[in-house]
Every structure is written in C-alpha cells, then in structure tokens.
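Participant: This is the feature table in Swiss-Prot:
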DISULFID  CYS295-CYS312  disulfide bond
DISULFID  CYS325-CYS348  disulfide bond
DISULFID  CYS328-CYS360  disulfide bond
DISULFID  CYS599-CYS651  disulfide bond
DISULFID  CYS661-CYS689  disulfide bond
DISULFID  CYS758-CYS794  disulfide bond
DISULFID  CYS770-CYS806  disulfide bond
DOMAIN    597-808  domain 'MRH'
MOD_RES   SER949  phosphoserine
REGION    1-26  region 'Disordered'
TOPO_DOM  45-860  topological domain 'Extracellular'
TOPO_DOM  882-960  topological domain 'Cytoplasmic'
TRANSMEM  861-881  transmembrane segment
Amino acid sequence: MLFLRPGPARGRGRGRPARAPHSGLSPPWSPAWICCWALAGCQAAWAGAGDLPSTSGRPLPPCLEKDYHFEYTECDSSGSRWRVAIPNSAVDCSGLPDPVRGKECTFSCASGEYLEMKNQVCSKCGEGTYSLGSGIKFDEWDELPAGFSNVATFMDTVVGPSDSRPEGCNNSSWVPRGNYIESNRDDCTVSLIYAVHLKKSGYVFFEYQYVDNNIFFEFFIQNDQCQEMDTTADKWVKLTDNGEWGSHSVMLKSGTNILYWRTTGILMGSKAVKPVLVKNITIEGVAYTSECFPCKPGTFSDKPGSFICQVCPRNTYSEKGAKECIRCDEDSQFSEEGSSECMERPPCTSKDYFQIHTPCDEEGKTQIMYKWIEPKICREDLTDAIRLPPSGEKKDCPPCNPGFYNNGSSSCHPCPPGTFSDGTKECRSCPAGTEPALGFEYKWWNVLPGNMKTSCFNVGNSKCDGMNGWEVAGDHIQSGAGGSDNDYLILNLHIPGFKPPTSMTGAMGSELGRITFVFETLCSADCVLYFMVDINRKSTNVVESWGGTKEKQAYTHVIFKNATFTFTWAFQRTNQGQDATTLRKKPTSAWSVHLIPTCPYIRSMARRLVFHVGLGVEALSNLSSVGSLMNGPSFTSKGTKYFHFFNISLCGHEGKKLAVCTNNITDFTVKEMVAGSDDYTNLVGAFVCQSTIIPSESKGFRAALSSQSIILADTFLGVTVETTLQNINIKEDMFPVSPSQIPDVHFFYKSSTTTTSCVNGRSTAVKMRCNPAKPGAGAISVPSKCPAGTCDGCTFYFLWESVEACPLCTEHDFHEIEGACKRGFQETLYVWNEPKWCIKGISLPEKKLSTCETVDFWLKVGAGVGAFTAVLLVALTCYFWKKNQKLEYKYSKLVMTTNSKECELPAADSCAIMEGEDNEEEVVYSNKQSLLGKLKSLATKEKEDHFESVQLKSSRSPNI
C-alpha cells in the first residue's frame, strides 16, 4: 500500500485549521520520485487491467473526478514538486490521472482566490465564501479549533511535586467564548499552542484585551527544535485600556513555527483577576489554499473574490455560507448585529426606558423626559407590557455646582480667575490675603459636565456601541441599561493637570490633590464596579474595584503628580463572557464627585510638624536613606511562593518620598523604568510602600517579578516616645522588650488611599530602637504575631533597630581612669561606659597629665615620724618612772614619821613648815587617780613585794 503525506495548507474561516503545507519535487532517486513512478506503474497496471475481471468477477469502473482528489508531493531542494491524484477512501476505480509537475513551492494565490488543483490556476471564490489566499484565520471560537492545544503547568519548582499540592492545574485552560477565547483565571501557567509550517516568510496577527497586571501574558515562537526564535525578544504583551482591544503582530520565518500564548495568574488575595481575551488570529505565509471557505453564521459575502465576510446588520440574520442576510419580522422579532437567528421581542418593562433632564430654560425650569432604550427590543402591545410615561413635566433646575454660576442663561459657567461661588450665588472676589481653592465639585447632575463623557463597550460584540453608558438623574448619575449583561458601562473624567496653591509651589513629593466620590451599587446578580486611572494617556490601571451590592459609601484617591489624568468608572453586570440580552439589572449610582487640590493650611501645618520633628531626631540623620525588608516566604493556595517587600523612608529628603516600589511585570515596563520615563505609571513613591515579589524560580522566569505595589504611608503624622498617636496604638507585647532604659522613638504615618477593607485608609507605625550591636542601617523586623507586618491588613508595624537610633552622647556616658604616678607625673584617661548606649553628641575628652609625688618620699617621711614617736614614748616612760620612784620614797618617809609619834601626846596638827624643813617636796593625796597615776600603778605593781616591812621602834613611853 502506498502512503502519501497530507495535502497543502488550506485557508479557512470559522476557526477551522488548514492542512499543513507541502514541499515540492524531489531528485529522481528520492522517495518522492520512487513513489511517483510506483504510482504511475500502478495506474498503468490498473489501466491495462481495465478489461480484466475484478475480484468479484467484474472489471473496475473508470475513475470519475469525484472519486479522487489532487495533492502535492513534498518539495525537493530545488523547490519543485509533483501533483498526483489520490483516490478517495472506500472507492475502487481505475484510470487515475498521471502525475504532472506542480507549481513551485512558494506559489500562492491572492486574497479572495484559491488554487484550483485540476488546472493549477488561481480562481476567485464564489459568493458566500471567502479566502485569505496564503493565510489562515481563526475568528470563531465556539469550540477549540483543530490544531490548537492547551498545556497547563505549575512552574513552581520549590514547593514539591504536583501531587503534593492542594490543587492541581488539570482543570486550567483557555476557554472558547464564541467570538474570542479567554485565558485561565487561576495561578497556573497555561499555554495555548498552535503549530504551522510556512513555505515563505509571513507573520502572525491577533487582537487581544489585557487589562489586569495580576496576570503575566507572553507570546513567543519556537521552532521544531523547541528553541525560541529571535523575533520573540520582546515576548511580553503590553497592557491595554479597560474595554479596548489591542493588536500584536510578529514576523514569522519559513519553516515550522510553534506559536505560544502563555498566561500565568498571580493570586495573592481573594479578588479574582480579569482574564486575557484573544480573537481574530491570522497567520500569513502558508503555501496556498485549495478551497474557499463558507462565511460563518451571522455574516455574508455577496461578491465573488471576497477575502472577508461582512456582518449582518441589526434585525437580520444569516446561516452558514450565506450570500445575503434575511430580515426578521420587525413587529415581533429582533436580532443584534451578526446574529444567526431572530428572537421574539419581550414585553416592555420599567427597565426598558430611562429619564433625562433637559437643560434649564430662561425660567429656571427643566423638563423630565422619558425615552426608550435604543435599540428598542420590547413590545408595548403585549399583555403585561408597560407604556412609556408621559414626558414634559417641569421642575425647578438645581443650582450650579460649586465654582460655577448662572448668568441668566440656561447653562452654568465657571467663575472667573480670582473669584469663587458656592453655585447658588454670584461669583465674588476672594478676600485680601487669600486665594481660591481650585477644583471640581459635582453635586448636581442635570447635564453631563463638559469634561466628562460616557460610552458603552462589549469585548465580544458591538451591540451597545453608540449607547450612553451612564445617565444623569438630578442629584446623581447612574449607569445605563446597555445591550448585554457583560457590557462595560464607562464614564470618563478628563483632567488636563493640577495647579497647586501658591503656598505649595515648589513642594516636591507632596499631595497635589485628591478625588473623592460617593457611590452605591444595587445588583440582583453578579456585578462589579471598577475605578481606574490613566496618567498622561499611557495605560489605564485599575485602582480599586467593588463586587456585588454595596451600600452608599465614599472613596478617596490621592494625587501626587502634576500630570494629565483620566479617571474612569466602568460598571459591568457580570464578569463572565455571556451574551444575554433579556436581563437588565439594577444600576449603580454616583451621587457626588469631588476633585480638589490640597488645602494650603494643611500643607503649611505639615511643614511645621516636620520641622520640629527634625530637631528632635537629629541622631537619625544617617537613617535618612531607604530601609528595606523582605519577609516570608508565603504561599498561595496552589503553592506559588512569594515574598512581601517593604521600603521605608523615615522623613524623605528635601520633600521627596524616597521609598519607591515598582511593578516590573513585563520587559516593556522594565525598559521604561531604565529609560527614566517620568510617565512610568507602575511606580509608587511614599514614606512606606509594599510590593509582592515572586522569585524567578517560582514561575520559571529569568528574573524576579515585582507586582501589586501599594502605598502604605504617604502622610507623616508625627514622632513621639509615646506608643499612641491619632488612634494608632503600638501594643507592648507586639515587639520584644528593649534591654536598655532608653525609650523607643515611634514614627507614625497614614495613607489617604482607602480600600474596601480599610475605609479610613492604611496607617503605619515604625518603632526606632537603639541597638549598639547593629551598626549602620541596622535591621528591620515585623511582629512575630503578624509575619506580614499587619494583623488586619490596614495597620502595619515595624521595628527598626540600629545604633543610629541611639541618643546623643553626653558627659554621663563616660568615666575617667587615673594612671600610676611615674617620675612625678600622672595620666588620667576617659572611656565610654559599657555597653555604649549613645552615638555622636560630645566626644571623649583628651587624656590629662598632672604632677604627683612618688611613694618613696612619703615612705621616708612616715619612717621618720614613726621613729620620732618611738623615742618620745621611751623618754616619757622613763620620766614617769623616775617621778613615780620619788613619790614612793616620800610616801614611805611620811609613814615612818607618823608611826614614830604614836606614843606621844597628840600635838596640834600644823601644816606649817618647821624650821629646817625643805619646802621643795609637797605631797598631795587624792582619792581619784589621774591618768599618770594609773600608769604608775601599773608600772610599780610588780615591785610591791620588793619592799620589807620593818617594825619601827616607838618613841612613846609604854606607860602612856
């Protein structure tokens, strides 16, 4: 049996793939030549055996044109090929045409033509069909076209094998949605792959919508060796504005090209991401197309040689391969553009009309007018259908908005420069010494302001093009009806720039203004309201979104940059790709929009506060640069590893907030950042900011990715040693207790940007702690109880430890040490107390040198004094001893004299000195001993036994 490769690539419509293109003629010894000659031999044998009986005894019938088809062989090295006839399956016949030389391999027909294989000439496509010539197109996505494949992977190589993860990626894929195909919404990496073989250089073109930077979207091309082509250097696809389609085109080389549309979602919270949408994929450069393709339902082609099918207008429809569109019965049926059938008109309800207010007339009156939503699809003549309310009721016009006045006409005009008005009175000049606070404040919605516009957009169709997405309603503006449930109802506010007050001129990094709006959403099904900002017409970024029914509330967004802003509100009833036209949900409403610059006195107060704080934290001057902290890692539900990265700038520098966080989601934005573009919108600057970092190994990218940058602190509240300031409290057990007695210094900040979770904005507290063990910038940490830096998502806490946070040194922080006296001189040194809990301040005094006396001199003096004292004591002892001897002698003599006169008559006692007595001796008797007496007694006590008692002879007569 003889097998040949499939035929050449065919252009297609409605998303059907073309066959792979073929090469041409091979050398005579090649397999292609062998196959051709073998086929010719078989055909000759079949022709010669035409009269022979078949296996059933009957000859084979001759082959008709319907019994076979033509195909080309593979191309040889010279670019030639053969056209051969291939019998259709289950057909037995004889007499196939002989092989003939085919067209060159690079041959192709023009758009609107196809290659008629019998004569090998290009022919125009008939009515109801179309052809791209050498291209293929995929514009119908009711199902995944043949040739396309989905490959879902989880590229995190750190967490572990896929079977250990909580959820796999088996259910993640690109989903066909009719007119477009939609990417995955989870954090899996899903590739939409299509392989094509080109005979000549060509290109690939597709339209896409990519509005959410929480999804990475890349398009690249590989060859048959799985090597990326040079043309995929810039594989990251640019973001588009919300509700708008962008286009992407890449040149293709001849040969095999494998096309990849790859998306990776980054889910760090509960908020769902918006998927990437792709439609109208066109590939140019295939060899030829051998047939024209019928127009898809809802389109038609009324001319031969068409390369595109036209869309059927409203209230018409068409089937596949239509030459024209068929009109619906407009009395009872309707259809949208590009419909394949007509639908019955439903009865009219209150959701099928809206009211508007006419401009004020000269009498100050406005009329309430009721109109059907266009195009009108309902019927008034059915049972239970309502009628359109009567129009023309007059009411008093609301006053002008603040800053505008009524000059007697039917419209409001802005106040001249230097004047102001609350909207109800004439414009007045500002008092002396004051300036007008410029801004817009829309409180009354009688007519749409001149700098606002409204529109309707649908990603899959044009049903609501030309409709008003929002309608004014007196004291508020509300979303319109739209044409489908998944329409985007868009309201734009354009601001060419900001003019800060004179008192703020020259301030850098300051709050230039803010926009505040009050809104509520009333939804009976799934709905979402987006608030988006575009700076200098670069790209629209979603700032905040609210899903489902929300009560009346206010939201504020702060502006720090003087640039051209476009603020956008987009309301969508459902974020799924559906084409429901009969359901019309309740609207969302906005009551007021305030767009005002910051008041001058607030900015002046802030400058004074920073001035006083600067005097108190002089010791922190070396911490004026940005401190950084990366904590984690954390993991998503499917195991994606990520980190929280914080930048902290305590006081900024010359009014600039140095803490900057960026989103380098694509190579394109990285190039913008490197180029220093002032319009780089993926960059935020503040006192404290946060980014989500995804390491390179986590998703298979060549570099770490930074996304979801948010401002945590843009307003400095104050600095104090207290733990509470303006309702921001730092609990005592949040951080470890400081080992020193030095109090911690606390910096308090606030962010004016509010979110659905933080209605009062975010706040930040930074605890500065003196730690001599951490020099330089030190280290930043978060509470152990709140590893993400916050426990509620609204208040963030940081502990910054550094020696630079220590107080200034004083004379109480050092002590002196005296050295030894050497050669009459002595040194005094000064050293810091340990541990040293201070920095800078006063310096250590220089060492002091003073005169002194040595120890030898005083030793000699002491010895001399001691010797003198000893001699003196010996002399005194001898003196008192001699004195004591004399006293004892006199006492003994007195006693002897007294005893010798006992026998004599008593004589008169006399104290007088007798003649011949010596007056030099005097004896005094005292009952109380003196100190010397006591010493003498002690000295003579042992000598009492040395004296003998002698009986003296009495001089008295015994007879007396």
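Numbers run from 1 along the shown chain.
Placement of Cβ uses the backbone N, Cα and C atoms for every residue, glycine included.
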Participant: Could you tell me the C-alpha distance between CYS360 (disulfide bond) and CYS325 (disulfide bond) in angstrom, no decimals?
Facilitator: 45
Participant: Do you know offhand how many angstrom separate CYS806 (disulfide bond) and CYS651 (disulfide bond) by C-alpha?
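Facilitator: For CYS806 (disulfide bond) versus CYS651 (disulfide bond), the Cα atoms are 17 Å apart.
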Participant: Can you tell me how far the Cα of CYS348 (disulfide bond) sits from the Cα of CYS328 (disulfide bond), in Å?
Facilitator: 19
Participant: Who sits close to CYS770 (disulfide bond): which same-chain residues at least 6 apart have their Cβ under 8 Å from its Cβ?
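Facilitator: Same-chain residues close to CYS770 (disulfide bond) (Cβ under 8 Å, separated by 6 or more) are SER738, SER740, ILE742, GLU801, SER802, VAL803, ALA805, CYS806, PRO807, TRP837.
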Participant: CYS758 (disulfide bond) has how many other Cβ neighbours within 10 Å of its own Cβ?
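Facilitator: Result for CYS758 (disulfide bond): 16 neighbouring Cβ atoms inside 10 Å.
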Participant: How does the model score the topological domain 'Cytoplasmic' (882-960) in terms of mean pLDDT?
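Facilitator: Value for the topological domain 'Cytoplasmic' (882-960), mean pLDDT as a whole number: 59.
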Participant: Measure from the Cβ of CYS360 (disulfide bond) and count the other Cβ atoms within 10 Å, all protein chains considered.
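Facilitator: The Cβ of CYS360 (disulfide bond) has 21 Cβ neighbours within 10 Å.
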Participant: Of CYS295, CYS312, CYS325, CYS651, CYS661, which of the disulfide-bonded residues has the most Cβ neighbours inside 10 Å?
Facilitator: CYS295
Participant: Would you count the other CB atoms within 10 A of the CB of CYS689 (disulfide bond), including those on all shown protein chains?
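Facilitator: Here the count is 27.
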Participant: In DSSP terms, helix, strand or coil for CYS689 (disulfide bond)?
Facilitator: strand
Participant: Going by C-alpha distance, which of the disulfide-bonded residues CYS651, CYS661, CYS689, CYS758 is nearest to CYS295 (disulfide bond)?
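Facilitator: Ranked by Cα distance from CYS295 (disulfide bond), first place goes to CYS661.
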Participant: Does DSSP put CYS661 (disulfide bond) in a helix, in a strand, or in coil?
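Facilitator: The three-state answer is strand.
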Participant: Could you state the CA-to-CA distance between CYS758 (disulfide bond) and CYS689 (disulfide bond) to the nearest Å?
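Facilitator: The Cα atom of CYS758 (disulfide bond) is 16 Å away from the Cα atom of CYS689 (disulfide bond).
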Participant: Taking the Cβ of CYS794 (disulfide bond) as the centre, how many other Cβ atoms fall within a 10 Å radius?
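Facilitator: Looking across every protein chain shown, the total is 18.
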Participant: Report, in whole Å, the straight Cα-to-Cα distance of CYS312 (disulfide bond) from CYS794 (disulfide bond).
Facilitator: 53
Participant: So if I draw a 10 Å sphere around the Cβ of CYS328 (disulfide bond), how many other Cβ atoms end up inside it?
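Facilitator: So the number of other Cβ atoms within 10 Å of CYS328 (disulfide bond) is 20.
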Participant: Looking only at DSSP and grouping its letters into three states, which state does CYS770 (disulfide bond) belong to?
Facilitator: strand
Participant: Spatially speaking, which of the disulfide-bonded residues CYS312, CYS328, CYS661, CYS689 is closest to CYS651 (disulfide bond)? Use C-alpha to C-alpha, please.
Facilitator: CYS689
Participant: Between the disulfide-bonded residues CYS312, CYS661, CYS689, which lies closest to CYS328 (disulfide bond), Cα to Cα?
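Facilitator: Comparing Cα positions, the candidate nearest CYS328 (disulfide bond) turns out to be CYS312.
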